[in-house]
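Heads up, the thing below is written out as C-alpha cells.
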Amino acid sequence: MARVKTVNFIVALKVLFKSQLVRIHMEQQLRREIENHAYLRHPNILRMYNYFYDEKCVYLILEYAAGGELYKKLQERGHFDDEQTAKLIYQMADALKYCHKKVIHRDLKPENLLLGYWGELKIADFGWSVHEPTSKRSTLCGTLDYLPPEMVQGWLHDENVDLWSLGVLCYELLVGKLPFERKEIRDTYALIKEVNYKFPESISEGARDLISKLLVKEPANRLSLQNVMEHPWICQHVDTTSNQTSSSVA
C-alpha cells in the first residue's frame, strides 16, 4: 500500500525485482501486462494508474482493492452460495465483455481476482493477456486447472478460453473444489480433454445449466458473455437493472 501525498489517495504498489524477472524469464510477460492493462477502464477491472522503474526494480501503481484476494475469501469460507457466486460471475462477465474488445486475459483464477471495499470484483494480473482477441493464438499459458481443451491439446485459441475459465470459476466458487483437479497432471489433462466432471448434489439446476453451457469442448459453442449475464440463474440472484451487484463477500 502507498499514498499519493498531493491528493491523499491510497494506491497499491507492486514491486518487481529486475534480477528475478530475468532469472525466471518474465520480462516479456511484465511488458505484456503493462501494455495490455494500462488502457483498460472498467469498474470490475483493477486500474493500473502508472509505472516507473529504477536500477533494481519496476514499480506498478495499481488501484487499491481493500477487500483483498477472492482466493483467500474462498479458502476461509470453503465455498460461496448461489447469490454471492452469481453476482461475482455477472461482474466477471461484464468486465470480460468490455475486455474482449481489446485483450484476452487467459489466466482467470481466484488468485487473480480481487475485491473492492464494497465487495465488488476486480480482475487483476494481465501477465498472460494478449492484444487483438480476434486473432488465433497457440501459446500454452495460464494455470492448468483452468485451461480449456483447445489449449491442453495444443490447438489455436481465441477469447473463448476466458469463457471456459469462467465456467471453471463458477463451479469452484459454488463447490469449493475444481472440476478437473487431480493429483496427477496427466489425469487432469485427460479430464479436461474429455470435459469429464460431475456436479455435487448441492448444486442447483440453474447453476448446473450455466456451468454446462460454458464447459463446452467446442469453443464457438460456449455461452456468450452477454448470454451469461442474461442467464435465468444469474437474473434470479442479481438485479441486472441496478449498479448494486457487489458480491457481499468482502
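For all residues, glycine too, the Cβ spot is worked out from N, Cα and C.
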Quiz item: According to TrEMBL, K14, E63, Y64, A65, E111, N112 bind ATP; which one of D54, D125 is listed for that same site?
Solution: D125
Quiz item: What's the CA-CA gap between D107 (active site, proton acceptor) and D125 (ATP binding site) in angstrom, rounded?
Solution: 8
Exercise. With ATP as the bound species and K14, E63, Y64, A65, E111, N112, D125 as its recorded binding residues, calculate the greatest Cα-Cα distance and give it in Å as a whole number.
Key: 16
Quiz item: Hey, what's the Cβ neighbour count for N112 (ATP binding site) at 10 Å?
Solution: 22
